[in-house]
Structure formats: C-alpha cells, structure tokens
C-alpha cells in the first residue's frame, strides 16, 4: 500500500445514498450512515487528516463535518482536482499521498490522479473502473468506513488496541 497522508471524500453518493429529501418549507434533509464516523476515527487514530470535497453547499454537511471533527471542508467545489491540488500544496504533499473516494463524473479527474482511488459499488460502471481498491458497500451503507479501513489496513489487532 502507498503511504497516505490525507484522506479526501465526496459526500453525496458516498456518505449518503445520493438521495435528497425536501420538506414543504424547502429544507433539505440527508440521511448519513453513522458507521462512516468510524472512518474519521481510524484516520485520526493513525494521524491522518480527512477532508470533504463536495459540489453541494449545505448547512447539514457543515454540521456533520463539524460534529465528526473533519479537518477540511470544501463545499460548492466545481473542480475537485484543483481544490485537492491546492490543499496538497498547503500541506506539502502530493496527490500520490492522497486517498480519495468519490462516485460520479465530477470525481473522475481526481480519482485518476490520487494514490488510492475508491468508488462505492453503487457508482456507474465507468466510474467504478477508476477505482484502485475494491469496495463492496454502496453509498450511504458505510462505504467511507470500509474505504478508510482498507486504505489504512485496519485489522482486529487495531480494534483490540483501542478498546483496551
């Protein structure tokens, strides 16, 4: 496995199933899988920061990122590759040291350039072909956690070490 120094993720279609709910007053709702919070835990446990890159700009994503202590949040991103390159420059790392999980067309350029690329099983086939790591879960089913655990090689010994 490559030495990863940053984990980046999309939100819709990864942390969620891609569905969006609106109430009668226009409020947007998203359903997050709480299992994905363990992905943040494991990354931080190994000293690796996590960043969100999403094309949407919503208060609910900001609140979720804040609650989980996500290190970097970029909303309303049009060009995810450029945003990731800028962050890498700030951190003094290169894209080969980044693991990224995304699920659709606006993720493709970045998926092609990072050290480890993950794609949920629910993504279109032409996006899944960009994945360098096999993921079984679909978006909204804890795929971010699965991705982080595979990228970092989390195993039973790691789990036992944190519960003792």
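We count from 1, first residue shown onward.
Glycine is no exception: its Cβ is also placed from the backbone N, Cα and C atoms.
Binding site for Mg(2+) per Swiss-Prot: 10, 12, plus 103 from the candidate set 79, 103.
Per Swiss-Prot, the substrate site holds 34, 54, 55, 56, 64, 65, 66, 67, 80; the candidate it also names there, chosen from 106, 155, is 106.
Binding-site extent for substrate: residues 34, 54, 55, 56, 64, 65, 66, 67, 80, 106, maximum pairwise Cα distance 26 Å (rounded to the nearest whole number). Relative to residue 10 (Mg(2+) binding site), the binding-site residues with Cα atoms inside 10 Å are 55, the candidates having been 34, 55, 64, 66. When Cβ atoms from all protein chains are considered, those within 10 Å of residue 66 (substrate binding site) total 10, not counting its own.
In this structure, residue 34 (substrate binding site) is part of a helix by DSSP. Under the DSSP three-state reduction, residue 64 (substrate binding site) is assigned to helix.
A Cα-Cα distance of 14 Å separates residue 80 (substrate binding site) from residue 12 (Mg(2+) binding site).
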